[in-house]
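What follows is a set of notes on a single structure, which appears directly below.
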């Protein structure tokens, strides 16, 4: 065991302090902007002060040395202990709101409270909201308060062992028994077992089961049913319920994802959510006024994914940036001193564009929440026109944010060298949490294909002179140009270039799809064979939306509410993001736009200049995200910058270091060392 104790200084690393002193803007103003208001920032800090107080020594690392079962039980304990604190804070700081309870369970605060995750995330983020969003007033009154108060704990059971993103292909059945006024649910084979729902393993006693509805043998589409799973007192599975945990995963250690089989499980007719589609007592079925109304749940969840993945990406960027300001290595001049590695331009390229990417998606998420709220309001008033656009945009953002976020977190981990490989850096856990979103709520390639199909359908309408929604309004100005105008290096030029490219990629995808159909291929075969072009057009459709939204959010009317100094650094971030986006998509852009060698050199120079300009503000900008040390949970990313003492302290906490000699020495290692091989 080490003799070094209490080695973490109480002072801030001088290199990190120097970086903060060099900032050209007010960090507090950025924090207010990032949290969307001074009141929200104040509330967040007060909640953190209360819930992070008096946590046990080693709180953020001890779980790494637990068994799988102990880790789960520890996480349940932490949720149970945190719940009354969060509820009390909600009542005190924002009565009637939901931002602290249950919102705290799935926010950045939750990342700090539950470093190994927890099994109630699906309950709070989906089960409760689906009831409130798609239940009748009577159903909401019955189930809503029970779920919100955790008197019942639920999960959302849609994905099956053999079916995921293709919801229409799920095999779980709900047959309506007219005589009994009940639904009879079955998973007809192993492939139909529900698979992956969070908390399903040993936590939830109810599930929102997505199943194919049949009445008198006739199929009535996919519907949602509240199904009790476990006895309310003993927690034992109810008759006909086969439930358990699926085992360990790459990440999300204690989310307790499970499997569920159903055999002749009966539930009352009232347990089918009937705000939109309905089944009367006599078996009369009333279809939903819009077939895609159930997508509202997924739209909400995808907006949430964008927000949560943005937090993970920016958290990783904060860790890597602080580390890069403290770590010194590789002299720039042969005989010079070792510089902060953040002074290497190649290191800046690893760090700063990820910060810009995080801010871009932060702004896109803010815009999407505004659209979502309006869409829900419209749906409640019987207006569903926004749903198709919201579905496409939320799919695009989910795909891009998860793809870019996961790649960014890994790039940031690599930027911290060997120390980033240590579990105490927390970058691997961040990656494990983020990368799951590449698959859940719609696998990314499948979602891109959905977007691609929407694009070519819209393109067909556009070419026939039919109106298109605002999401595709860029088709018209792009096609009105015989060729793209001379490159002028403006932000609007970049946005229009991306829109022009996205338009023509859509055109080509449509033309190739049409040619394949004309050559005799079926619609399905042609779409499959055009998949590469469809997914690429879909990605560019999303990227032009993110860039356009970012420009509008930073340079539009909202800019007047910010100081000149903050606007300058935000515009620096915007410049970095736009230029990097162009450079990353040159292969497509150059297919349709004539950029000269001078234009390309200019883009490269702009990237380098934006990196240089951002350099003095990098650490302070990350400070503006206001991530608590408990939230980052990283020896490399703490506010004080004492990375080496914290790394050594983490090493001392290894359970193997609690004894000098392990038992395997006498039983195996010593005999091996004395043998004659």
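Glycine is treated like the rest: Cβ placed from N, Cα and C.
Some features that TrEMBL has for this protein:
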type	residues	note
DOMAIN	26-153	domain 'Acyl-coenzyme A oxidase N-terminal'
DOMAIN	156-265	domain 'Acyl-CoA oxidase/dehydrogenase middle'
BINDING	159, 198	FAD binding site
DOMAIN	295-456	domain 'Acyl-CoA oxidase C-alpha1'
ACT_SITE	441	active site, proton acceptor
DOMAIN	491-674	domain 'Acyl-CoA oxidase C-terminal'
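Here the CA atom of residue 198 (FAD binding site) lies 12 Å from the CA atom of residue 441 (active site, proton acceptor). The average pLDDT for the domain 'Acyl-CoA oxidase C-alpha1' (295-456) in the predicted structure is 94. Within the same chain, residues at least 6 positions away in sequence whose Cβ sits under 8 Å from that of residue 198 (FAD binding site) are 119, 121, 122, 123, 155, 156, 252, 255, 256, 257.
Comparing Cβ neighbour counts within 10 Å across the recorded positions 159, 441, the minimum falls on 159. Break the domain 'Acyl-CoA oxidase/dehydrogenase middle' (156-265) down by DSSP state and the numbers are 6 helix, 49 strand, 55 coil. Mapped onto DSSP helix, strand and coil, the domain 'Acyl-coenzyme A oxidase N-terminal' (26-153) counts 89 helix, 0 strand, 39 coil.
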